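Trainee: Swiss-Prot lists these features:
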type: ACT_SITE; residues: Asp7; note: active site
type: BINDING; residues: Asp7, Asp140; note: Mg(2+) 1 binding site
type: ACT_SITE; residues: Glu67; note: active site
type: BINDING; residues: Glu67; note: Mg(2+) 2 binding site
type: ACT_SITE; residues: Asp140; note: active site
Amino acid sequence: MIILGIDPGLAILGYGIINYEGNRFKVLDYGAITTPSTMATPERLKTIYRELDRIITEYNPDTVAIEELFFNTNVKTALLVGHARGVAVLSAANHNKEIFEYTPLQVKQGVVGYGRADKSQIQQMVKTLLNLTKVPKPDDVADALAVAICHAHTGNFTEMFKIK
């Protein structure tokens, strides 16, 4: 099963594509889609959409897993991240992909087995599980790979996390 994991963001959207078969992970690609703050928001969203469209076309993932937004005290930031998340969901939906969402707590539990794990613990587990030589940077990329791993580990419970 090919899984595209997404950590949404307007300035930096992390993505990671893994193949999960027989309890084994293989990394196909990972990276970040970045947009400068000097660019108008609609143009930034178009850039994210185009890049995700290209990635989905190239790798044809079976499913897309995206991190849910957590409550942010900065309303403007939360709205902008929400816009980027919406564009990511739209891109996947336009390719008729099943889309699943996970909270940060669920991602931590799915990757490390502990919901209060810190960022460095998650990053080290991503590195270990995916047999990488170093932790992917920026952090958003490691987070996206963690979302994909979480989805793979969810197994038969995926229907609970499907966006309907």
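Glycine too: its Cβ is placed from the backbone N, Cα and C atoms.
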Trainee: Helix, strand or coil for Asp140 (Mg(2+) 1 binding site)? Use DSSP.
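Mentor: Helix, per DSSP.
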Trainee: Measure from the CA atom of Asp140 (Mg(2+) 1 binding site) to the CA atom of Glu67 (active site) and give the result in Å, rounded to a whole number.
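Mentor: Rounded to a whole number, the Cα-Cα distance is 11 Å.
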Trainee: What does the structure give for the C-alpha distance between Asp140 (Mg(2+) 1 binding site) and Asp7 (active site)? Integer Å is fine.
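Mentor: About 6 Å separate the Cα atoms of these two residues.
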Trainee: CB neighbours of Asp140 (Mg(2+) 1 binding site) within 10 A?
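Mentor: So the Cβ neighbour count for Asp140 (Mg(2+) 1 binding site) comes to 24.
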